[in-house]
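If you check Swiss-Prot, you get these features:
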type	residues	note
DISULFID	Cys4-Cys15	disulfide bond
DOMAIN	11-126	domain 'C-type lectin'
DISULFID	Cys32-Cys125	disulfide bond
DISULFID	Cys100-Cys117	disulfide bond
Amino acid sequence: DPGCLPDWSSYKGHCYKVFKKVGTWEDAEKFCVENSGHLASIDSKEEADFVTKLASQTLTKFVYDAWIGLRDESKTQQCSPQWTDGSSVVYENVDEPTKCFGLDVHTEYRTWTDLPCGEKNPFICKSRLPH
């Protein structure tokens, strides 16, 4: 595509690539930054359709979700920090709070799903079109 590196795809001034190597959300973001981009942000239905198509074409026969650049930055759990009986939370047994988002393999990458950030998945990088 004009302006993008070989095997990257262009859409409205940005370049995209789906990487099959798997990593945690942090690993994936770091890798994208090293390749002059970030994990993909998705700002419209049209862009979502473009990224979905790219992911489903690249990740055929894959059983993984695919990381995008969305993460819940809040440090607290999404739900209110209190038991239903009113007692406060003094003990937690949570593997890892679910705070990172990926495209869901079960819907052929059409919908977003929240996942533990430490899960290892392929990912989609997005960078600005070099001028």
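All positions are counted from 1 along the displayed chain.
Any Cβ shown, glycine's included, is placed from N, Cα and C.
Here the features listed in Swiss-Prot are placed on the structure.
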residue: Cys4; record: disulfide bond; DSSP (3 states): coil
residue: Cys15; record: disulfide bond; DSSP (3 states): strand
residue: Cys32; record: disulfide bond; DSSP (3 states): helix
residue: Cys100; record: disulfide bond; DSSP (3 states): strand
residue: Cys117; record: disulfide bond; DSSP (3 states): coil
residue: Cys125; record: disulfide bond; DSSP (3 states): strand
Nearest recorded site to Cys32 (disulfide bond) by CA-CA distance, among disulfide-bonded residues Cys4, Cys15, Cys100, Cys117: Cys15
Least surrounded among the disulfide-bonded residues, given as Cys32, Cys125, when other CB atoms within 10 Å are counted: Cys32
Most crowded position, judged by CB atoms within 10 A, among Cys4, Cys100, Cys117 as disulfide-bonded residues: Cys100
Residue among disulfide-bonded residues Cys4, Cys15, Cys100, Cys117 with Cα closest to the Cα of Cys125 (disulfide bond): Cys15
Cα distance (Å, whole number) from Cys100 (disulfide bond) to Cys4 (disulfide bond): 27
Neighbour tally for Cys15 (disulfide bond), based on other Cβ positions within 10 Å of its Cβ: 21
Alpha-carbon spacing, Cys15 (disulfide bond) to Cys100 (disulfide bond), which is rounded to whole Å: 22
